[in-house]
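> Features from TrEMBL:
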type	residues	note
SIGNAL	1-23	signal peptide
ACT_SITE	THR248	active site, nucleophile
BINDING	ARG276, VAL277, GLY278, ASP279, THR299, GLY300, ASP301, GLY302	substrate binding site
Amino acid sequence: MQLVKVVALGAVLLSTVLPNTQGGLPLVVTTWRFLNATLQAYQSLTVGEFDPIDALVEGCSVCEREQCDGTVGYGGSPDETGETTLDAMLMDGTTMDIGAVAALREVKHAAAVAKYVLRNTRHTMLAGSQATDFALQMGFRRETLQTDESRAMWEQWKANHCQPNFWRVSNAHCVCVLVGFSYLGAQTILSQIAQKDRSIIENVIPSPSMSCGPYEPVSANAVRSNPPEDASDPDRTDFSFGRYNHDTISMIVIDQTGHVVAGTSTNGARHKIPGRVGDSPIPGAGAYADSEVGAAVATGDGDVMMRFLPALLAVEGLRNGQGPSEAAERQIKRITKYYPTFAGGIVVATKDGRHGAACNGMAEFPYSVADGSDWQGEVKVYTVKCV
């Protein structure tokens, strides 16, 4: 593990290699190199004397305003129609209460809306346009989440025949039929092949590997109960998840008394199918907190990670005696068994301030830490090499 110690002004003081890290309380741990968000949460917790949930919201809200890496807040990750929607989740590890929003439309402050779900309702999650209605009831303002940058991103994607996209493609492509044909002619032939046997090519038409939608099933009985063996999608490399396409800010906050909370905020996967919800607002997937042991948060290819509930199981690993780095690495390996090319990272912290991380699909993965062990107004950035 590599540590880069960064002061508030951003100057690098030292770089060294460290094993599993012992921090101190209070503690704020954030995925990626989100220094301002980490600092805001820590100062809210200590100087402002906010409770951990409020400090968590303050930190995540910084990234929503700053549009961190283009993957948090408004103006990023447009879906197939060009719209940006937001997901967020907060979990209180002492009460086990959760507030979350998914596919939130036309409201910029997703983490703050999630706090109203947590504190003002008996629900866990609200979604879509009705989550927007709830936010307006709570006093939030309706405003567009699209910017010139997100619209340009969407238009460039459309001009590239909507590539890449999230429609399932069979591993057998019959690329041979494309030789010598125009784009339109090849598209027609592929559609004809698909109509006869969906296991040969995609199961919707027009071909999502060559064309934009709208799509429709190959035939009325195209959705079969026993899909072909090659119908799974273990190769995720075409989505290019990484620093500027990673889905989430995920944050753990622990106060001096050991009150553990965790949360997330994201604008989701770029060019997603409208209505898609990833791991970020799902308890146990994007984040999980338990004041008896600690917390874990995840970031990356959310469609894959949510299938494994890595945050929940990493926390249970702590309960069973694993250290934070081991708990994180075990969950990464569970995922890579089925999706070896997926990209993502997991950060884990114990209730007494120890922390560690693991990752896959990238060269390395940074996470930011502010803690009470030697606080001098600095945020430290730790970098782990991926498995």
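Yeah, the Cβs are placed from backbone N, Cα and C, and that goes for glycine too.
It should be emphasised that the depicted structure is a prediction, and the values quoted were computed from it without experimental measurement.
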> Using the structure shown, find which entry in GLY278, GLY300, GLY302 (the binding-site residues) has the sparsest Cβ neighbourhood within 10 Å.
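Each of the binding-site residues GLY278, GLY300, GLY302 was scored; lowest Cβ tally within 10 Å is GLY278.
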> I need the least crowded one of these binding-site residues (ASP279, ASP301), counting other C-beta atoms within 10 angstroms of each C-beta.
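Fewest other Cβ atoms within 10 Å, among the binding-site residues ASP279, ASP301, is found for ASP301.
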> Can you tell which of the recorded positions (THR248, THR299) has the fewest other C-beta atoms within 10 angstroms of its C-beta?
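Each of the recorded positions THR248, THR299 was scored; lowest Cβ tally within 10 Å is THR299.
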> Give me the non-local Cβ neighbours of VAL277 (substrate binding site): same chain, 6+ apart in sequence, Cβ-Cβ under 8 Å, ordered along the sequence.
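Expected: ASP87, ALA102, ALA103, ALA127, GLY268.
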> How far is it from GLY300 (substrate binding site) to THR248 (active site, nucleophile), counting Cα to Cα, in Å?
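So the alpha carbons of GLY300 (substrate binding site) and THR248 (active site, nucleophile) sit roughly 7 Å from each other.
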